[in-house]
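Listed in Swiss-Prot for this protein:
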COMPBIAS  475-489  compositional bias 'Polar residues'
COMPBIAS  564-573  compositional bias 'Acidic residues'
CARBOHYD  Asn102  N-linked glycosylation site
CARBOHYD  Asn109  N-linked glycosylation site
CARBOHYD  Asn424  N-linked glycosylation site
CARBOHYD  Asn432  N-linked glycosylation site
CARBOHYD  Asn484  N-linked glycosylation site
TOPO_DOM  20-506  topological domain 'Lumenal'
Amino acid sequence: MTMSFCALLFFLIISPTLAATKSAADYYVRSLPGAPEGPLLKMHAGHIEVDAPNNGNLFFWHYQNRHIANRQRTVIWLNGGPGCSSMDGALMEIGPYRLKDNHTLEYNNGSWDEFANLLFVDQPVGTGFSYVNTNSYLHELDEMAAQFIIFLEKWFQLFPEYERDDIYIAGESYAGQHIPYIAKAIQERNKKVDDKNSARWNLRGLVIGNGWISPAQQYPSYLNFAYTEGLVKEGSSLAKDLDVYQSVCESKISAAPNAVNIKDCESVLQQILSRTMDSERKCYNMYDVRLRDVYPSCGMNWPSDLVSVKPYLQSRDVVRALNINPDKKSGWEECSGAVGSTFTAANSVPSVQLLPELLESGVRILLFSGDKDLICNHIGTEQLINNMKWNGGIGFETSPGVWAPRRHWTFEGEPAGIYQYARNLTYVLFYNASHMVPYDLPRQSRDMLDRFMRVDIANIGGQPADSRIDGEKLPQTSVGGHPNSTAAEQQAKEKIKETEWKAYAKSGEAALIVVIIGVTVWGFFIWRSRRRNRGYEGVYQKELGSGSILERFQNKRSGAGDVEAGDFDESELDTLHSPGLERENYAVGDDSDEDDPNHPRPTASSREDGTHP
C-alpha cells in the first residue's frame, strides 16, 4: 500500500517534467487543412522557449527538402518589420504552398524547398505566432541575435540530423538588420564550441532581399527613386518642396550616421506618397509603385493574398495542426505594433557595418532587389555597395579603378535582371518585381537561390530552366513543378512505406511512450494549468495612418486593437473551420549516399519522429 502510494506520488511529481519535455514527434505536422491532394510534405512546427522567466517562445515552421542535390542545405527565412511574421514568406513567397482562398492551399511552383530544408521563424518574441510577456519585448539587435542562438541550440537538439547542413540565412526588408547580427552571433558561438562535443554550425551564406541594411544610403534614395520612376518630376515645384525635407534628412544623417531609424527622414517618404495622390485620393503603393492604394494605406493592403492568409492562420484547425501552444492566446497577426514600437535599436549600429567582416571571413552574401519597390529600393542598396569597403577594395572593384560589369540576365528567353559580383558579394536586380520578389517571380527567385547555393542537379535529373547571363547558358538548375523529376518521384514512392511508420514514433521510444502515456497525460494537465497562469497583458497600438511611415509599417495590418492580448474570435474561427485532411506523410531524398561525404547525416531516429514584412 505504502509502496503503491509512493510510486504514484513519484509519478505525479515527475509527470509535469515529462510532459514539458518535448521531442521531434511533438512538433510533427500530421495533417494540414486545405493541403493539395496527395502525400503531405514532411514538416514540423511549434514553439521553442527562449526566455523562460518572461514566457518567451519563438514559433517555427520547418519543411524538409524535397530532393537532395550534391549536399544538404538549410535555409532559415526571416521577414522584417520589426515585428512582421515570417508566415508571409511561408505562404506568400518561398514556401511550398500558397493560398487559393481562405481554406485551400496549392503548390507554389518555384518554392525554395526543392533542394533546401526551409526553417521559417517568427521573431523577435511577440511576432506572429511567437509570444512573450508584454513587458519583455526586445529593444536591440544584439538581444534579438542572442535569443535566436538560444532558439537554434534548442532546435538542433530536437533535430540533430540538420545540425551539419550548410546554413543560409535569408529574408527581406528589416531582416536586413536581423540577418547580419544573427550571422555574427553564430560566428561568435562557433569560436567557443569544442567540435568534439558540440557541432560548429556551417554558416555558408546570407541572402537579403530589398533589405533595410544601411539607413544612411536608404533614406536619401527615396527622392532619387521617385525621380527615376517618374513619380515626381525633377525640377518641378513639388520637387523643390521635397528638396527641403531631403535637406533636413541629410543633416540628421550627418549628425547621427550610425542611427538605424531617423524619423525626420521618413518625412520624405510620407511627403512623396501624400503629394502624389491622384484625383481619387489614391497614393502609390510603396512596395510596388506600379500599383496604387487608398490613402493613407499606400500599400498596407498589399499583397492581395493577405485576405486569405490571416483567416487561414487564425482557423482552429490550422492552429491545432501547427501545434500552437495554449499560452498563445491571441490570433495570428501579420505585424505586431507592440513589438515594432518597442524594438527601437537605439543603441545598435546599422548592420551594414557588420557586412565587411562577414565577407572577409568567407561568408558569401547575396543582396537582391525588386526594381519597383520604393520603401527599400534598389538605389539605396546599390549606394551601400558602392560605398562599402571589404576584402581590399571598395564596391564592386575587381582591381583599382576597374569595376565588375553589370551582366544581363535572361530567364527562359525574357529579360530578368542584372547580375554583379566581386569578392564574395553578389547583387541581383530583378526587373518588374516588388518589395517581395519571390511573390512576383517565384521561379526566377529559386533559380537565383540555387545558383547562389551552387546546387548541382546532376544526380537528380529534371527539366532545367533556360537561364543565361550575357547570353551564356548557366549551369543547370531545375525550377520546374512538383515533383522535380520522374526519378525523384519514383524515389518518393519507394520511401513512403519506409517512412510512414516513423511519422508517429518518438525518437525511437514508442514502447516507452506506451508505458508512461497515462502518467504523462495527467502531468500534461498539471503543467498546462501552471503555464496558463503565466499569461501576459496587452499593449494598445496606434491606429493605421498615425505616426511615421515606419511606425505605420510596424503596425501594418495588425488590427485596430491589441494584438498580443486579444482572444480568438470564437465565431470567426468556427466560420473559418476547414476539415483537416489526414494524408500520407513522407519525406523525399533521405538517402545518405546522396549527401556530401564531408557532411554525413546522422541516423538519429528523431528526424522521422515527428516596420517591413
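Cβ coordinates are placed from backbone N, Cα and C, and glycine is handled just like the others.
Remember, predicted model here, so these are calculated numbers, not experimental data.
In this structure the alpha carbons, written CA, of Asn109 (N-linked glycosylation site) and Asn432 (N-linked glycosylation site) are 19 Å apart.
Long-range Cβ contacts of Asn432 (N-linked glycosylation site) within its own chain (separation 6+, distance under 8 Å): Asp371, Lys372, Asp440, Leu441. Shown are the glycosylation sites Asn102, Asn109, Asn424; of these, the residue with the fewest other Cβ atoms within 10 Å is Asn109. Calculated from their C-alpha atoms, the gap between Asn424 (N-linked glycosylation site) and Asn102 (N-linked glycosylation site) amounts to 42 Å. Across the residues of the topological domain 'Lumenal' (20-506), the predicted structure has a mean pLDDT of 92.
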